[in-house]
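Peer 1: Before I ask anything, here is the structure I am working with.
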Amino acid sequence: MQMNSAVSFLIFFFVLPLVLADLQVGFYDSTCPQAESIVQQAVQIAFSKDPSITAAFLRMHFHDCFVRGCDASILIDPTKNNSSEKVAGPNQTVRGYNVIDKAKKSLEAACPLTVSCADIITLATRDSVALAGGPNYTVPTGRRDGLVSNPDDVNLPGPGISVSGALSSFTDKGMDINEMVTLLGAHTVGFAHCFFFSDRLSPPDPSMDPTLFAKLNKTCAKKASATVFLDQSTAFTFDNQFYNQILLKKGILQIDQELALDNLTASIVSGFASNGIGFQDSFAKAMVKLGSIEVLVGNAGEIRKSCSAFNKKKKGVF
């Protein structure tokens, strides 16, 4: 089904620290000055055809950064001899790879072996969020691409996890509870397959709004792989409506609803529900921090020629 969306919105610009670890804003200014505009153009084309690409990039970015850091290891294709993160269970519904590949092809034509795939994911995510009405924040760049992609390393918090369980995963990556609640707000533009929340339908979860339960039960009874929007109000607009809905017991995923019910996070949810600009400001800062997790910089890793494959070693180099 083709989706056309015309959304009028204000874009908020947030100025963030120019240097984060060894990453820096404008890293490619001298080596590939058109880098960010090339990525932005690829994202704009994709968004015009399918505005749900914002959710796709947010998920890809999170799944990449929470496994071995933000090193584009999620992009590696499996081969006959080696598996990769792409085949891991949580990543089998990740999408948007084709847009990353198109951006990389254009970047290689303009600036060969200069812009990392890890930076492309980060930039594409930022640009897609802005196109959906979210914050247009500055992104430090300078990441390098990883040399390992192992499905056994993929251990991500699932949709049925508790707040305390999710917090443990986030704190392991150096992020706090406010940042966790903020980043889960990305579900304001997401959707989920029924099999991600089927355990809330049978037996009926008493924490779910009865009207929503009836709607979901009808949709999911037809097909377990059917999809529903996580934001039932403004599915393609990056706003704070997600928080208002979970306050009304209209969260789709268990972890989303738990945010509004758990004493650890309920006040943060209420704050974001009543302050959209505050949420966007917090989201911009949290995304920059997410994008700095365990990054490879300097001479570490490599700059891939193709995002889906490691560079071939030169003869005589081991």
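Positions of Cβ are set from backbone N, Cα and C atoms, glycine also.
Found this in TrEMBL, in case it helps:
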SIGNAL    1-21  signal peptide
DISULFID  Cys32-Cys111  disulfide bond
SITE      Arg59  site 'Transition state stabilizer'
ACT_SITE  His63  active site, proton acceptor
BINDING   Asp64, Val67, Gly69, Asp71, Ser73, Glu85  Ca(2+) 1 binding site
DISULFID  Cys65-Cys70  disulfide bond
DISULFID  Cys117-Cys307  disulfide bond
BINDING   His187  heme b binding site
BINDING   Thr188, Asp231, Thr234, Asp239  Ca(2+) 2 binding site
DISULFID  Cys194-Cys220  disulfide bond
Peer 1: Considering Cα atoms only, can you say which of Asp64, Cys111, Cys194, Asp231, Asp239 is the nearest neighbour of the residue listed as 'heme b binding site' among these recorded positions?
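Peer 2: Answer for the nearest of the recorded positions: Asp231.
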Peer 1: Starting from the Ca(2+) 1 site formed by Asp64, Val67, Gly69, Asp71, Ser73, Glu85, give every other residue of that chain whose CB sits within 8 Å of the mean position of their CB atoms, in sequence order.
Peer 2: His63, Cys65, Phe66, Arg68, Cys70, Ala72, Ile74, Gly146, Ser149, Asp153
Peer 1: Radius 10 Å, atoms counted are CB only; among the recorded positions Arg59, His63, His187, which position scores highest?
Peer 2: His187
Peer 1: Here the disulfide-bonded residues are Cys65, Cys70, Cys194; which one has the lowest number of other Cβ atoms no more than 10 Å from its Cβ?
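Peer 2: Minimum Cβ neighbour count within 10 Å, taken over the disulfide-bonded residues Cys65, Cys70, Cys194, occurs at Cys194.
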Peer 1: Given the binding-site residues Ser73, Thr188, Thr234, which one is most crowded in terms of C-beta atoms within 10 angstroms?
Peer 2: Thr188
Peer 1: Of Cys32, Cys70, Cys111, Thr188, Cys220, Thr234, which recorded positions are close to His63 (active site, proton acceptor), meaning a Cα within 10 Å of its Cα?
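Peer 2: Checking Cα-Cα distances against His63 (active site, proton acceptor), the recorded positions within 10 Å turn out to be Cys70.
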Peer 1: Counting across all protein chains present, how many other Cβ atoms fall within 10 Å of the Cβ of Asp239 (Ca(2+) 2 binding site)?
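Peer 2: Asp239 (Ca(2+) 2 binding site) is surrounded by 20 other Cβ atoms within 10 Å.
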Peer 1: Compute the C-alpha separation of Cys117 (disulfide bond) from Thr188 (Ca(2+) 2 binding site), stating it in Å without decimals.
Peer 2: 26
Peer 1: If you count Cβ atoms within 10 Å of the Cβ of Asp64 (Ca(2+) 1 binding site), leaving out that atom itself, what do you get?
Peer 2: 28
Peer 1: Residues with Cβ closer than 8 Å to the Cβ of Val67 (Ca(2+) 1 binding site), same chain and 6+ apart in sequence?
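Peer 2: Expected: Ser73, Ile74, Glu85, Asp153, Val154, Asn155, Leu156.
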Peer 1: Using Cβ atoms only, which residues of the same chain lie under 8 Å from Cys111 (disulfide bond) while being at least 6 residues apart in sequence?
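Peer 2: For Cys111 (disulfide bond), the qualifying residues are Tyr28, Thr31, Cys32, Gln34, Ala35.
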